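Q: Take a look at this one; I'll ask things after.
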Amino acid sequence: MSLTAKCCRSVMAFRPNIFYPRRSCVLFSTSVSPADEGTAGSGSQKRRRRRQKKAAWTDDLSWEERLADAVTPLWRLSYEEQLELKQSNHRRILSELSGSLSPDLRSALPAPASAKLNFPVLPVLPSPVRDGYRNKSTFSVNRGVDGNPKTVGFYLGTASRGNIVCVNGDHLLNMPEKHTLVARCYQDFIRQSSLEPCLLFHTGGHWREVTVRTNAQGHTMAIVYFHPQMMTAEEVAVHKAELVEYFSRGPGSACQLDSLFFQESTMTRCTHEESPYQLLHGQPYLYEEVLGFKFRISADAFFQVNQAAAQVLYNTVRDLCVPGGAQSKTGSTLLDVCCGTGAIGIISSPRVDRVIGVEIIEQAVRDAAHNAALNNVENCEFLPGKAEVVLPALMSQLSSAPGVLTAVVNPSRAGLHPKVVRALRNQDAIRRLVYVSCKPDGEAMRNFKELCCAPNQEKKLTGDAFSPTLAVPVDMFPHTPHCELVLLFER
């Protein structure tokens, strides 16, 4: 296996003029997706952040700087400093895992903060793109600083305190100009509309958030979320037509949308199966290329938020799953759990005989099958369903299959279901497991410990324990504290 860590780390010295030259970082609740922008820390860190939140409303920070501190809290640091901070954080997090793997049969006692790492952690692999890297952004609708309830941006404050303010995100370092243009145009549209915004479901209103997706070629998809309340389908159709007119021939045509979707939803989040995404204008999909493979992106499909860094991530994962650039090992199988639209499996497919992906979102499974065909990949199979339901039965089939079995898992922040951990742990044929986590100090840490602990009859963990042998952080989210962590387990 060969993973280079010698990467150029240039200093990012950009300072927006609207900000004061201060170095404090004040965190607020925001509407940014927690999968990308969540925070975590020790009890003392959480208490310190609570004090910062309380004080933030009385200091001299501008609204723009407050939002930047919430969404991109490392924006004041050079990129070199950001990487050093992330490296330190990951070494601290992984020290907890090392400490739990004590010689006395992997103690279940909490690890000391000073536990020594017993496996290498490579330097953080930097993102090739540091500014404007997001290919997906969701903008909320709420009262702005001036009190206008039809303001499109990001939240500051909390609902419990009743001090939520919506602030435009044009100045954020991670936000592409195309995304903020769509947000501004959507704000203009809903301010012209006769309908009220839906700030709280139980208080009425209709216009809700907008999601913007782009690809490396600059193609743009917008998804408008709408609460129909008691409106008839005919009444909703009138406002859909106005939306299309605005973005196709009106002032919103400046956005040059390639796709405009509309979803009627009475809940905070709905899948395509629960409430179909309606294509009002343009093409049904975007396409993105990663490491020479082309991928179709549906309105609700998961795709890494930073395309350039995704190439670094997937190249790292592929090299750990099939080290040394080995090609087509006879009988080798890659089991891809939480496979999404099939990126990891398809990219790794030339190096193995067979790829089996498991994914809960049916549309993502359809996208994965399409992506395999699009790339003339014939050795991939994608199965729909909850991993905790599909995997135990699948393992009984794989146990009798010849050749090497490798697993890769890329779950959400919630981590793997205990039944999935149990199925992976108890499948002796799996000698190598690659875990990709965007939040290793959360539920993923529980997964790590259960993969590596001594056999436990009570938890039905009967297979031989895995051991962590290499950790590789990849900076998917510049200007934030977060990374994707790729952790290799072997036994």
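From the backbone N, Cα and C atoms, a Cβ is placed for every residue, glycine too.
Features from TrEMBL:
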REGION    33-55  region 'Disordered'
COMPBIAS  45-54  compositional bias 'Basic residues'
BINDING   Q304, E359, N410  S-adenosyl-L-methionine binding site
ACT_SITE  C438  active site, nucleophile
Q: List the other residues in this chain whose Cβ sits within 8 Å of the Cβ centroid of the S-adenosyl-L-methionine site residues Q304, E359, N410, in sequence order.
A: F302, C338, C339, G340, T341, A343, I344, V436
Q: What does the structure give for the C-alpha distance between E359 (S-adenosyl-L-methionine binding site) and the residue listed as 'active site, nucleophile'? Integer Å is fine.
A: 18
Q: Quick check for the class: what is the C-alpha distance, in angstrom and rounded, between C438 (active site, nucleophile) and Q304 (S-adenosyl-L-methionine binding site)?
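A: Counting only the Cα atoms, the answer is 11 Å.
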Q: Run through the Cβ atoms and count how many others sit within 10 Å of the one on N410 (S-adenosyl-L-methionine binding site).
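A: Result for N410 (S-adenosyl-L-methionine binding site): 22 other Cβ atoms within 10 Å.
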Q: For E359 (S-adenosyl-L-methionine binding site), what is the tally of other C-beta atoms lying within 10 angstroms of its C-beta?
A: 26
Q: Taking the Cβ of the residue listed as 'active site, nucleophile' as centre, how many other Cβ atoms lie within 10 Å?
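A: Summing over all protein chains shown, the residue listed as 'active site, nucleophile' has 22 other Cβ atoms within 10 Å.
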